[in-house]
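Feature list (source: TrEMBL):
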type	residues	note
ACT_SITE	68	active site, proton acceptor
BINDING	7, 8, 9, 10, 11, 12, 69, 148, 149, 150, 151, 171, 176, 177	substrate binding site
BINDING	39, 68	Mg(2+) binding site
Ligand code: IMP
């Protein structure tokens with residue numbers, strides 16, 4: 001089955017493709033010549049992922065997969081959470097990381113987790129969703145050059161390194177997105 005990934009983020013598309021390879025024929029918005037960047041104004045990850053899936057579905061007859069992810073920091077009461085992409089401005093990852101470090105200056109409780117919700121929308125409009133989570137800590141400085149977003153600040157407890165120090169295979173094996181996708185596959 002051909003599956004269109006509702007994201008313009010090349011890192012995300014690669015991670016999703018790696019997990020779903022052999023199960024779906026994954027295509028990107030670019031490959032389908034679709035330009036779509038809806039406003040993510042939901043209050044939950046599920047609402048935002050559904051907004052993305054429905055917006056992209058207007059441009060295609062294919063099944064669509066959307067994900068919405070957030071970094072939730074205990075000492076910040078769960079922030080940035082659903083505001084992760086626009087924490088310090090508009091999709092500026094470096095500024096988002098800088099703001100996070102500033103807000104956590106002197107904070108000893110560094111516990112955090114990523115949550116990811118994936119929504120699969122069939123061409124007939126039916127949807128199915130799944131969630132994944134991974135726990136870790138926010139470092140006081142960045143480590144590693146792989147990944148994207150908050151990866152260089154997130155020390156993954158299970159891997160014993162940041163996601164930016166991990167290979168994509170290592171990240172996918174334990175990550176919020178990898179787990180959400182595996183949970184989705186189990187539901188299918
Ligand atoms: P969205 O799911 O694309 O809306 O992403 C929300 C925010 O979280 C953006 O700032 C992304 O860069 C960041 N983000 C999403 N997934 C990951 C990830 O796997 N690692 C680190 N940051 C991520």
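Keep in mind that glycine also has a Cβ here, set from the backbone N, Cα and C atoms.
Known features from TrEMBL, placed on the structure.
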| residue | record | Cβ neighbours (10 Å) |
| --- | --- | --- |
| 7 | substrate binding site | 21 |
| 9 | substrate binding site | 17 |
| 11 | substrate binding site | 15 |
| 39 | Mg(2+) binding site | 8 |
| 68 | active site, proton acceptor | 27 |
| 69 | substrate binding site | 24 |
| 149 | substrate binding site | 21 |
| 151 | substrate binding site | 25 |
| 176 | substrate binding site | 25 |
Filtered recorded positions, from 11, 39, 68, 149, 151, whose Cβ is under 6 Å from an atom of ligand 1: 68, 149, 151
Largest inter-residue Cα distance among 7, 8, 9, 10, 11, 12, 69, 148, 149, 150, 151, 171, 176, 177 [record-listed substrate binders, Å]: 20
Structural state of residue 7 (substrate binding site), classified by DSSP into three states: coil
Pairwise CA distance, residue 11 (substrate binding site) versus residue 39 (Mg(2+) binding site), rounded so that it is a whole Å: 20
Residue 39 (Mg(2+) binding site) versus residue 69 (substrate binding site) - Cα distance in angstrom: 15
DSSP-derived class (H/G/I helix, E/B strand, else coil) of residue 151 (substrate binding site): helix
C-alpha spacing of residue 7 (substrate binding site) relative to residue 39 (Mg(2+) binding site), in angstrom: 13
Length of the line joining the Cα atoms of residue 68 (active site, proton acceptor) and residue 176 (substrate binding site), in Å: 10
Secondary structure at residue 39 (Mg(2+) binding site), reduced by DSSP to three states: coil
